[in-house]
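Before any comments, here is the structure.
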Amino acid sequence: MVEAQTWTTRRMSNPRLDSTATADHEVLDIPVTPTADVRNSIYNVGSHLSPNLLTALIIASWFMSNIGVLILNKYLLSFYGYRYPIFLTMLHMISCACYSYAAINFLEIVPRQHILSRKQFLKIFALSVIFCFSVVCGNTSLRYIPVSFNQAIGATTPFFTAIFAFLITCKKESGEVYFALLPVVFGIVLASNSEPLFNLFGFLVCIGSTAGRALKSVVQGILLTSEAEKLHSMNLLLYMAPMAAMILLPFTLYIEGNVARITLEKARSDSFIVFLLLGNATVAYLVNLANFLVTKHTSALTLQVLGNAKAALAAFVSVMIFRNPVTVMGMTGFAVTVMGVVLYSEAKKRSKFQLTTH
């Protein structure tokens, strides 16, 4: 055991000490040096796990949450008969706001950041509008098209990102990068032409969701560029989620009618809807938390690679659960699209490496 130590200084020997003290000596207690066992017990809950096992569990949780929210959304909107995608999205946003507040203020998973100016607030509000559009369109599309086709369209995000980056910032990529986007487009055309359950409206809103997701990433890179305005992803969600919920409220009331009353009446006759909605909203937050944890324990590049794998796995799981028909040509188109995304990622990495070496 290490004994407590004291540091004795004579009065007036240090001008920073209080000269009005009446004691001849001032004693400053130095805390006892903690033992190794005590220091090791300060780590977080997952510290006793090996780093590889912890990373594997986080990645598994990421797959489960991302695929789970897709399956739950599809079941609610298409099979259960809950045809209110805007209200469902608003519940997602309320859930994200509540869980984010608890995670940041009580669990302290990341330091709390504050909005510093009206200008920064308006920038976050603009991102919230794009975020709302993208998520609502994505959820709406699940009413009309299978999850597998939804994921095939979602894989074209890099194509729209390149377009918006060029139109908004005039950023030009290398010829190799643009060439890699050709199979992305060709694959989705192939998958669309051979999709047995093709629905034009569902296809268009899913395209809108994919474009909105790409637009948000480009606009976010433009608006939140200064170090003072940059927000951690979890803090950004904390502020965007309640804004998004407020934006969606008038739309759900106008378009979907008295959906709150309908939901309450449904809950009285079938309590399972309460479990579905609460579970769905919770998983929607876990998707964002898992994204953060994967990036923290691996890298942003790993998250991008996992996104490609998730699209294929989600399509497979949805076909197994919902038994929607698929064709060989449709699967081929999906595979070509994913291959194009992988080629695009590799071309981007080589392009960045060449820029840094010149």
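Cβ atoms are placed via backbone N, Cα and C, with glycine included.
Since this is a predicted model, take the numbers as computed values, not measurements.
Taken from TrEMBL, the feature domain 'Sugar phosphate transporter' covers 56-345.
Annotated transmembrane segment per TrEMBL: 53-72 (among others), in sequence order.
Panel annotation: around the transmembrane segment (84-104), residues 73, 76-77, 110, 112, 132, 135-136, 139-140, 142-143, 234-235, 237-238, 241-242, 244-245, 248-249, 251-252, 255-256, 259-260, 262-263, 277, 280-282, 284-285, 288-289 of the same chain, lying at least six beyond its termini, place a Cβ under 8 Å from a Cβ of the stretch. TrEMBL lists 84-104 (among others) with the feature transmembrane segment.
Per TrEMBL, the feature transmembrane segment maps to 124-145 (among others).
Annotation source TrEMBL lists transmembrane segment at 151-170 (among others).
Remote same-chain residues near the transmembrane segment (177-194) are listed as 149, 152-153, 155-156, 158-159, 162, 203, 327, 329-330, 332-341, 343-344, 346-348, 351 (criterion: CB distance under 8 Å, separation of at least six residues from the stretch ends). Per TrEMBL, the feature transmembrane segment maps to 177-194 (among others).
TrEMBL lists 236-255 (among others) with the feature transmembrane segment. Residues 84, 86-87, 89-90, 93-94, 96-97, 100-101, 104, 115, 124-125, 127-129, 131-132, 135-136, 224, 288 of the same chain lie 6+ residues outside the transmembrane segment (236-255) yet bring a C-beta within less than 8 angstroms of a C-beta in it.
Marked as transmembrane segment by TrEMBL: 275-294 (among others). Sequence-distant contacts of the transmembrane segment (275-294), counting only residues of its own chain at least 6 positions beyond either end whose CB sits under 8 Å from a CB of the stretch, comprise 58-59, 61-62, 65-66, 68-69, 72-73, 75-76, 80, 82, 88, 91-92, 94-96, 99-100, 103, 109-110, 233-234, 237, 263, 302-303, 306.
Annotation source TrEMBL lists transmembrane segment at 328-345 (among others).
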### Query
For the domain 'Sugar phosphate transporter' (56-345), what is the mean per-residue pLDDT, to the nearest integer?
92
